Every structure is written in C-alpha cells, then in structure tokens.
Amino acid sequence: MSAQRRPRVIETVREMREAVAAERAAGRTVALTPTLGALHEGHLAHVRRAAEIADTRVVSIFLNPTQFTQPADLERYPRTLDADVDLLAGEGVDLVFAPSVDEMYPTGPTATTVSAGAVGSTFEGRLRPGHFDAVLTVVAKLLGIVTPDVVTFGQKDAQQLFVVKRMVGDLNIATRVETIPTVREPDGLALSSRNRFLSASERTAARTLSAALEAAVSAGERGIDAALAAAQGALMGEELVDLDYFAIVHPATFRPVDDDYRGPAIAIVAATLGSTRLIDNEPLRIG
Ligand code: PAF
C-alpha cells in the first residue's frame, strides 16, 4: 500500500456540497462510505470497492450521538480522527467529511426523522429503541449533503443494511447501495471497532459466534431446525458468551422464517462478552 496525498478534510455542509458539485462538473461520479470513525480493515474494504465503482471517494466520519441509546456507549466509542485520515490517505481517498455535532444538528436533534418501521424495534432495535430511526435519519442527511451515485454499507450490520436499502427504495433516493462483504479475522471473528474492548479470553470465546453461523450455513440444506440446532451446538458451553439472539430471518422482511421455509435466508447472532456486545451474520440457503 503506497502512501498518497492526504484526503481533503471538510467540516461544513456548505463546503461538502461545493466539493461534490466540483467533482460532478468535472464529470466524475461519487461514492460515499458513511462511518462513525475508528476505522479498521473492514472500512478499508469499503473504500477499495468504492474505487472500483466510482471516480471520487468520500468517507464521512461522524460519531452520530442520536443513534447511541446508552450514553456510556457513546462515551467509550474511540475517537481517532487523525489515525482514520492517515489510513484513508494510504488508500488514496479524496474527501473526508468530518462535521461537528453542531454542524449536523444546528438546532439539536432534527424535528423530522425517518422511521425504520416495525423492523426497527426487533433484534438490534429491541435493545436500543430508536436506534434505527436515528441511523436512517443521519444517513438520509448524509445522502442529502453528499448526493452520492453510490453509497457503501457493510453486510456485517445486516439489519442496518436492510433498513437503509428499504429507505433508499421507499423514498426514491437517487443513490445505489453497494453491499460490502464482512471482513473477518483468520479465525472467523468479524472485524468491528468494538473488538478492541475484548479481553484475551473474551477474544478467544468470540470465535464461537462465527462458528455458530458456519454451523448453521453447513446444516442449512437439511432445513431450519437442523440449522438452528447446529448453531446451538456450536454456542453451547461457552460461558463467556452471553447470547442475546440467534435467528434465521428472511432477506426480504428481516422476520424469522417459518419452520418449513425453503430458500435464501440470513442467520443473525448477537451476544455480550464482558461489557462488549458483538453482532454477526451470514447469508445461507435453507433446504
Ligand atoms: O454503521 C455505522 O457506522 C453508522 O450506523 C452509520 C451508517 C455511519 C450512521 O451513523
């Protein structure tokens, strides 16, 4: 990876709009990768893919306070802007949009919000009421500011990806959502900004999550019960893993599939290890 010039870091909505307008005037297409910061290889997979599908790459780094339902979670989220910009320089990213909270919410949380609907209060949304509404609202704002031709979202946050794709379709937003496959450690653990909080023993135990998903994928052809039983077997006996849910959902509704379902699905898992909550998922075929 060769070091390249640093991206231009833009802090205001006005300058961001002007920068995008200049790219468009020069005939260049624009890709946006929205992030909360604390970038890692998983995010870099987004900007590498973005380089293949658009001319100009914008990465937004905005630690959106409205989507954190636990103040402690927001408090401990790593703030690493300089290191993030260094990483993006190494990838040749053109523009970084790093607004302040006041710039994004000049009069406080917006009076107008986007609703994620019923899916927004299941799985991740059950534990964090309002989280997905806040995510969709800030994503709608970012899409309105950057107006990208394409926006990248990770398969890692399957429920977020689902509600974002639905919002873009439902609201006729003129962008294409590009799904970026999950990047994993060699032992299968999905990369996440939260992994840094795991102790050594929790890190070892965290492997169980992807092992459960792999077990479900392998057993999927024998039906839903077999897939769920295989996952349960992989998760059993790991005391450090406090399982929140393991479910197999329909890709078109994000609702658990029926017992006799056959077809494409997504196995999703969430668990807490110590004070760290991890989520993961894997697309699979049932039957
Ligand atoms: O997935 C994230 O990093 C955030 O939810 C997002 C999409 C940047 C919105 O703040």
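Using the three backbone atoms N, Cα and C, a Cβ is placed for every residue, glycine included.
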Same ATP site per TrEMBL - residue from Val146, Val168, Val177, Val183 joining Gly154, Gln155, Lys156, Asp157, Leu191, Ser192, Ser193, Arg194: Val183
Sorry to bug you, but what's the C-alpha spacing from Gln67 ((R)-pantoate binding site) to Val183 (ATP binding site), rounded to the closest Å? 24
Calculate the distance in Å between the alpha carbons (Cα) of Gln67 ((R)-pantoate binding site) and Arg194 (ATP binding site), and round it to a whole number. 16
Taking the Cβ of His43 (active site, proton donor) as the reference point, list residues of the same chain whose Cβ is under 8 angstroms away and which are at least six residues distant in sequence. Thr33, Thr35, Val59, Leu87
